[in-house]
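I have placed the structure first, in the form of structure tokens, so that the comments after it can refer back to it.
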Amino acid sequence: MKDNFVVTIAGGGSTYTPGIVMMLLENMSRFPLREIRLYDNHHQRQKTIGDACAILVAERFPQVKFSYTTDPQAAFTDVDFVMAHIRVGLYEMREKDEKIPLKYGVPGQETCGPGGIAYGMRSIAGVLELVDYMQQYAPGAWMLNYSNPAAIVAEATRRLRPDARIINICDMPVAIEGLFADILGLPSRKALNVRYYGLNHFGWWTSITDKAGNDLMPALKRHVAEQGYSSPKEDFQHKAPSWIETFKKVKDVFALDRRRCLTPI
């Protein structure tokens with residue numbers, strides 16, 4: 001096993017990229033790096049983010065090489081991991097994905113419904129392009145794909161690039177499990193044993209127990225039926241009034257689901 005790694009972040013111009021870079025730097029003892037590269041097809045957008053990230057890396061781990069590029073060969077050659085979080089169409093198209101359905105009385109959301117389908121049709125080609133670059137320039141690499149809509153993109157890569165070394169992930173289920181722990185009065189989600197299938201926003205928890213094996217689903221379902229995913233603690237990431245209202249409305253969705261499974265939102 002290597003003692004240090006090369007990571008490329010595809011979608012380097014995203015405002016979320018500095019957070020990913022900081023996360024990598026904070027875990028150098030567990031996942032040592034020798035190089036971080038950013039890749040994007042939007043030079044100016046990436047330059048702004050890249051210059052900021054260069055300072056972060058230089059201040060914390062000057063021995064880690066850092067660069068950003070719009071050249072696929074320079075970005076992907078001999079990397080160990082690709083972390084992809086692209087948004088095809090940028091926020092201009094996200095606005096359309098959400099507002100056009102609302103115009104016709106349909107929920108506007110970037111991963112579900114008409115907006116999710118439209119975004120998915122744009123995203124598939126972009127993610128496949130990244131997979132192809134990785135397989136061409138670093139055939140032994142793994143891709144961690146965060147790009148939404150996660151379920152659509154994951155199914156497309158499974159069917160169209162079945163041999164690709166790609167793991168599609170989303171952190172929203174992890175955030176919801178944190179709410180579950182708060183609801184149950186547990187210290188953190190790490191006190192839970194869960195069985196989860198699917199990807200945000202197309203997944204289900206079918207089993208949630210504590211470390212002693214006690215079934216926690218009945219207590220959670222009672223809470224969700226009355227209060228949705230409302231938690232007694234404030235979630236720093238989802239504390240805006242719109243998020244709080246959204247979490248409460250989960251009880252309405254739960255009432256319609258005959259299977260009574262718990263799902264992400």
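One-based numbering along the chain as shown.
Glycine is treated like the rest: Cβ placed from N, Cα and C.
TrEMBL entries are annotated by machine, without manual review.
Taken from TrEMBL, the feature transmembrane segment covers 6-25.
Secondary structure at N148 (substrate binding site), taken from DSSP and collapsed to helix, strand or coil, is coil. Long-range Cβ neighbours of N148 (substrate binding site) (same chain, at least 6 residues apart, Cβ-Cβ under 8 Å): R87, E110, T111, Y119, S123, C170. Marked as substrate binding site by TrEMBL: R94, N148.
As annotated by TrEMBL, site 'Increases basicity of active site Tyr' applies to E110.
DSSP assigns C170 (Mn(2+) binding site) to coil in the three-state reduction, placing it in neither a helix nor a strand. Sequence annotations record features per position, and here TrEMBL assigns Mn(2+) binding site to C170, H201.
Helix, strand and coil residue tallies for the domain 'Glycosyl hydrolase family 4 C-terminal' (196-251), in that order: 22 helix, 14 strand, 20 coil [DSSP]. Look at TrEMBL and you will find 196-251 tagged as domain 'Glycosyl hydrolase family 4 C-terminal'.
A distance of 16 Å separates the Cα atom of H201 (Mn(2+) binding site) from that of R94 (substrate binding site).
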